[in-house]
Amino acid sequence: MAVVPIRIVGDPVLRTETTPIPVGDDGSLPAEVADLIRDLYETMDAANGVGLAANQIGVSQRVFVYDCPDSRGRAGRRRGVVINPVLETSDIPETMPDPDDDEEGCLSVPGEQFPTGRADWARVTGLDADGSPITVEGTGLFARMLQHETGHLDGFLYLDRLIGRHARAAKRAVKHNGWGVPGLSWTPGEDPDPFGH
């Protein structure tokens, strides 16, 4: 399929709750979902991302893909897709996030990273690419990714979770970069890599 432009903060599709993908009585998914999943994987891979939600490429459907280390410091990676995810988490800390351990980035906020409070454990239930039920869970970075991508599908950005000086720094970065308006995007493989991979 294709690498697709990634929408940047300010695009309304990022602030709109996505629509669940319909499932047939026989458990089948619409044929075009396979193409969407391929586009998501190709775009995420070209961007060197650990996850990508459909609305980040302008498609308001409830699906995300991931290719993420199992947890910080471990060598293994987990790769997959979750359709119509439902998220569960452990408690989210109410303290100021640690700038060394809690830094988070987003392909829709290219090149920026800010400390973000997240639960250390998360689980999503949903469907795989064949429409079969799946459960995916993890801790650390993997849990952070599950929360981040499901948040996208609910119409939120990680910037919404920032507090204190980190929230102020993010607002300055959005303004400095000229974001926060509709119609902005970047295309992995064509535009410079904002994260310097």
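Just so it is clear, glycine is given a Cβ too, placed from its N, Cα and C backbone atoms.
Sequence-distant neighbours of His152 (Fe cation binding site) (same chain, 6+ residues apart, CB-CB distance under 8 A): Leu14, Ala53, Asn55, Gln56, Phe64, Ser108. Residues or ranges marked as Fe cation binding site in Swiss-Prot: Cys106, His148, His152.
In sequence order, Gly51, Leu52, Ala53, Phe64, Tyr66, Val82, Pro85 are the residues of the chain that are 6 or more apart from Glu149 (active site) and have a CB within less than 8 Å of its CB. Taken from Swiss-Prot, the feature active site applies to Glu149.
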Environment of Cys106, His148, His152, the listed Fe cation site - residues of the same chain whose CB lies within 8 A of the CB centroid: Gly51, Ala53, Gln56, Leu107, Ser108, Glu149, Gly151, Leu157, Tyr158
